[in-house]
Amino acid sequence: MEAGRTTTGRTIPVNPALAQKRLVRPVEDFGGFGLYPPVVGAWDGCQTENMTEEEYREWLDHTFRPLFEPYESQGGMPCRQLLTHFQYEDQGLPRERRIELVLKLDRNRDGRINFEEFRSILVKIRYKDLPPVKRFGLRAMLAGNPGMRLSAARSQAANHLRTIESLGRSGVFVQEVPDPVSGGFPNSQAAGGFYLEPDGIWPTSMQKGPPTTTKEQIALRKTITDEVYVPQSYLEAYNCRPPPIFIPVVVLAQICVFIYYAVELNKRAVSEPLNQLTMLSGFPYFSPLYFDPRRRREVWRFFSYFLVHQGIWQVVFNCLFTLIFGLLIEWVHKFWRVAPVYIAGVLAGSLASSVLDPFAILAGSSGGAYALIGTHLALIVMNWEELQHDITTCRYSFLGVVSSGVFRLCVILLFVGTDFGLALYRRYGLQVDVSVSISAHLGGFLAGLLVGIPVLRNLNEKPWERIFFWVSIVILVAFLIFVIFWNIFWQGFPVQLV
C-alpha cells in the first residue's frame, strides 16, 4: 500500500491499483472546505438534496464547524484564509467567482467570516441555482409534503456505498469526491462539464479543463459516479408519472353536477323564488344525491352527497380547497393513496352529520376537502422543526417565507376560517326551509388526521410517529364502530320516507 496525502496534511494508505485506474481523493479529505459528507460515519450516503432544513443545518454543523473553530476567538476566519480553501487543486472556479462568494459570505465587511454567517448564507441560497420554474415547483412540493425523502436517491446511495466497500476491500476506502464549490467531480471538466446536484449550492464554470484523463479513466468514472453516485433530482423522483388523476376528476365531476342543477334551479326560479341560485343559496332538493337523514336506507347518499352544493360560494371554496391541497399531496403520493383519504373524509362527514346533526341534510364536498386539509396539517405539525428556515431566509426570500411552516399554517387557518364562517351562516343565518349540516367539516378533518397519517406517513419515520400510527388506527376503528352502531340502534332519527 502507498500513502496518500490530503489537503490538510494527513497521510492515509491508498490502494495503488485503484489510484492508478482513477484519480481519486481519499475519503477523509474533508479538511479543504468540502461540501459533501464522508462515506464512513453518521452521514453515510447522504446528499444535500435529500435533506430537510433541520438535517441540512445539522449537516453543516457536522461538516464545517470544525473548520471555523480555530478562529472563533479572533472573530471568524480571515477572508484570505477562506479564499485559499476555495483555491485547492482541480477546483475549476474562476478567481472572480471566489472573491464574489467571499464577499457574499462576509456580510458585515469586517474581513472575517464566522460560522453563523457561513451557515445562514448556505441555507438561504440552497435552491438558488435551480431554474425559477423548477425552484418554485420544488418549494411547492416540499410545502405539500414536508419531511419527504427521495427513495430513489436512498437506493442509489446504498448502491454507492456497496461499490465503495467492494473497491476498498483490499485497502482503505477511496472515492472520487465532488468539488465542494462547483458541485462537479475533479476530472469531469475533461469529460465536458460538471455534474451538479439539483440544489447546486453555487453556480459553476462550464469551462473544459485540460485533457488529463484517459478513456479508461473516464469510462470507469462514468460507470461508478453517473449511474450510482449521482442521485436523481427531487423533481425527477416525484414526477407526473402517473399524473394527478383522482383530484382533477373529482373537481370536474362536482363542477359538471353543479352546472346541471344550476340550470334546473333557474327553470324553477319563478315558482320557487326563495330557492334561487345565488352566492349562498340555491339547493337542489329534488336531487337523489344529497344526504337526507329521512332516507338513510339509500346507502349511496352517504357517499354521493359531495357532488351536490348549496350556492356558488360553497362549490368555489370546496373545489379550491381540493385542488390546492389535493394536487400537492397526489403529486407525490399518487391517486391510490389520496383516494382512500378523500373517500374516508366523505364517509366520515355523513356519519358525523347523522350523529351530531341528525335532522339536517348534508351537501357539498367539505368532508373530502377537510380530510385533505387535516392530512396536510398533520404533516406540517409532525415535521414542524424540519420546516423552519433561518431568519435570513425568511427575510430576503419570498419562497423561504411561503415554504415555512408558520406561513402554511396561517394560510390553512385563513381558508378554513372563511369557509367555516360561511358554512355557519348558511346553517343558522339563512331563512330557508332546508338546513344544510356543517358536521361534515369536523368529520372530514378528523378522518384526514386518522386516515392520512397511516396512509401518507413520512418516509423518514421517527419512533414516536410509529406510536402515532397505531393510535390513529385504534381511534379510527373505535369511531367507525360507534357511528355504525349509533345509526343502527338510535331511535331519535326522523321518520324514514323509504
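Cβ atoms are placed via backbone N, Cα and C, with glycine included.
Residues or ranges marked as domain 'EF-hand' by TrEMBL: 93-128. Per-residue pLDDT, averaged over the domain 'EF-hand' (93-128), rounds to 69.
Per TrEMBL, the feature transmembrane segment maps to 245-262 (among others).
Per TrEMBL, the feature transmembrane segment maps to 311-329 (among others). Sequence-distant contacts of the transmembrane segment (311-329) (same chain, six or more residues past either end, CB-CB distance under 8 Å): 140-141, 143-145, 244, 246-248, 250-251, 254-255, 258, 277-283, 338, 341-342, 364-366, 368-370, 372-373, 375-376, 415, 418-419, 422-423, 426, 456.
What TrEMBL lists as transmembrane segment is 341-361 (among others). When Cβ-Cβ distances below 8 Å are used as the criterion, the transmembrane segment (341-361) is approached by residues 246-247, 250, 290-293, 296, 301-303, 305-306, 326, 329, 367-372, 374-375, 427, 434-448, 451-452, 455-456, 479-480, 483-484, 486-487, 490, 492-494 of the same chain, each at least six residues removed from its ends.
Residues annotated as transmembrane segment in TrEMBL: 367-384 (among others).
The transmembrane segment annotation in TrEMBL covers 396-416 (among others).
Residues annotated as transmembrane segment in TrEMBL: 436-456 (among others).
If you look up TrEMBL, you'll see 468-489 (among others) marked as transmembrane segment. Panel annotation: around the transmembrane segment (468-489), residues 296, 348, 351-352, 354-355, 382, 446-447, 449-451, 453-454, 457 of the same chain, lying at least six beyond its termini, place a Cβ under 8 Å from a Cβ of the stretch.
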**Study point:** Long-range neighbours of the transmembrane segment (245-262), counting only residues six or more past its ends (CB under 8 A)
**Key:** 277, 282, 284, 287, 289, 306-309, 315, 318-319, 322-323, 326-327, 330, 335, 338-339, 342, 365, 368
